[in-house]
Amino acid sequence: MPGDEKPVGVAVLGLGNVGSEVVRIIENSAEDLAARVGAPLVLRGIGVRRVTTDRGVPIELLTDDIEELVAREDVDIVVEVMGPVEPSRKAILGALERGKSVVTANKALLATSTGELAQAAESAHVDLYFEAAVAGAIPVIRPLTQSLAGDTVLRVAGIVNGTTNYILSAMDSTGADYASALADASALGYAEADPTADVEGYDAAAKAAILASIAFHTRVTADDVYREGITKVTPADFGSAHALGCTIKLLSICERITTDEGSQRVSARVYPALVPLSHPLAAVNGAFNAVVVEAEAAGRLMFYGQGAGGAPTASAVTGDLVMAARNRVLGSRGPRESKYAQLPVAPMGFIETRYYVSMNVADKPGVLSAVAAEFAKREVSIAEVRQEGVVDEGGRRVGARIVVVTHLATDAALSETVDALDDLDVVQGVSSVIRLEGTGL
């Protein structure tokens, strides 16, 4: 019976939205969790920055001495949900080095220091779990590390940031510009006071690094991930997207690439992209997340759900806690880091996609042929072209706008083409360059 087993001591570091929910689940579901683990889970302490009486938990559980809490002999598992890279890194390493398993949701730390943390866990023969670091409540880490362990993953792509997906969904459905949609997201609590990490793609890039590392058995850091944000997306881009039967989503894409010489590389990238309305990811709206995994034998799998928030993230954290505690009781370990492949990261210029290019041009004859010539010079094939008038607030035509959709082209060739277009006298400026994804997602 669970009650006959030695209790598993748990320390929780952080008592914000996620930490509070984790503590609530541990306390309110104690009997069920004990049955699933095979022993009671006992909360030994909660690490906070400041000990105050208004935290909703017994004050005797609170401490601001993180190092002392992690070092306690009666703590077997440390749950880290503090957030910042430091002091989280120090606390996690301290726990692992003392032989304690760790559960963390710290994507920023994992995207830069997974190797160091995994090595510390390996040396101490303990577990390091981080399901909640990517896409909140959506189970995607465990399927990649366990369910698909016998398969070859080819591609992982999806929407992994709820803030940007809410903003883009609002722009799509209401016609709002970026600033208005961001203000709405902030008012509803979907965007941080400083939204840079979300809207510039840093958050999604950290998650892409984690997913690529796991899926392809190599080591990818956030610095290896090509990144673009959503701040330059305009209502006009959505209008053109609709005309093409698409919407716009911020995608994280990780894929295995075979070069012409037959060697294997990994690509990891984050950017806004046009997605066909027929694709399942186009229907992922609001703050929801979704991840599509493609594997050789399993084919295409899709995971969908809430990607952020206290309760959804705590669900994933507590799931990891149960796994780590069960291993502790049984004297076993969970999956170890698998980095045997050591694949190089492909530079962005190597990647082939289709492109949507929008530019403001002079409203006179010969402009379209001049624009098309620059694409042809760099062997970028045009699939579709549209030209429309630009009017001022009074309805007077003041210029023209050309939208070009290409066939597959390398990023390097497209970048050269855009630079050349900007140098043309008849082009007043290239306003948008957005990739088209969908057929390979």
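From the backbone N, Cα and C atoms, a Cβ is placed for every residue, glycine too.
In three-state terms derived from DSSP, Lys207 (active site, proton donor) belongs to a helical segment. Residues annotated as active site, proton donor in Swiss-Prot, with sequence analysis given as evidence: Lys207.
According to DSSP, Val18 (NADP(+) binding site) sits within a helical segment. The annotation NADP(+) binding site is assigned in Swiss-Prot to Asn17, Val18, Arg49, Arg50, Lys107, Gly189, Glu192, Gly309 on the grounds of similarity to another entry.
Annotation comment: Swiss-Prot describes Val18, Val37, Gly47, Gly309 as NAD(+) binding site, evidence class similarity to another entry. For Val37 (NAD(+) binding site), the Cβ neighbour count at a 10 Å cut-off comes to 23, with all displayed protein chains included.
Gly309 (NADP(+) binding site) falls within neither a helix nor a strand when secondary structure is assigned with DSSP, and so counts as coil. For Gly309 (NADP(+) binding site), the number of other Cβ atoms no farther than 10 Å from its own Cβ, over all displayed protein chains, is 18. Look at Swiss-Prot and you will find Val18, Arg49, Lys107, Gly309 tagged as NADPH binding site.
Annotated Na(+) binding site per Swiss-Prot: Glu131, Val134, Gly136, Ile138, in sequence order, evidence recorded as similarity to another entry. Take the CB of Ile138 (Na(+) binding site) and look out to 10 A: across all protein chains shown you find 24 other CB atoms.
Marked as L-homoserine binding site by Swiss-Prot on the basis of similarity to another entry: Glu192, Asp203. Under the DSSP three-state reduction, Glu192 (NADP(+) binding site) is assigned to coil, being neither helix nor strand. Here the Cβ of Glu192 (NADP(+) binding site) has 14 other Cβ atoms within 10 Å, regardless of which shown protein chain they belong to.
For the domain 'ACT' (356-435), DSSP puts the residue distribution at 24 helix, 37 strand, 19 coil. If you look up Swiss-Prot, you'll see 356-435 marked as domain 'ACT', on the strength of sequence analysis.
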Between Asn17 (NADP(+) binding site) and Val37 (NAD(+) binding site), how far is it from one CA atom to the other, in Å?
25
Close binding-site residues near Gly136 (Na(+) binding site), where close means Cα within 10 Å, chosen from Gly189, Glu192, Asp203, Gly309:
Gly309
Based on Cα distances to Gly309 (NADP(+) binding site), point out the closest of the recorded positions Gly47, Glu131, Val134, Lys207.
Val134
Say you check the Cα of Ile138 (Na(+) binding site) against those of the binding-site residues Val18, Gly47, Arg49; which is nearest?
Val18
Can you tell which of the recorded positions Val18, Arg49, Glu192, Lys207 lies nearest to Val37 (NAD(+) binding site) in space, using Cα positions?
Val18
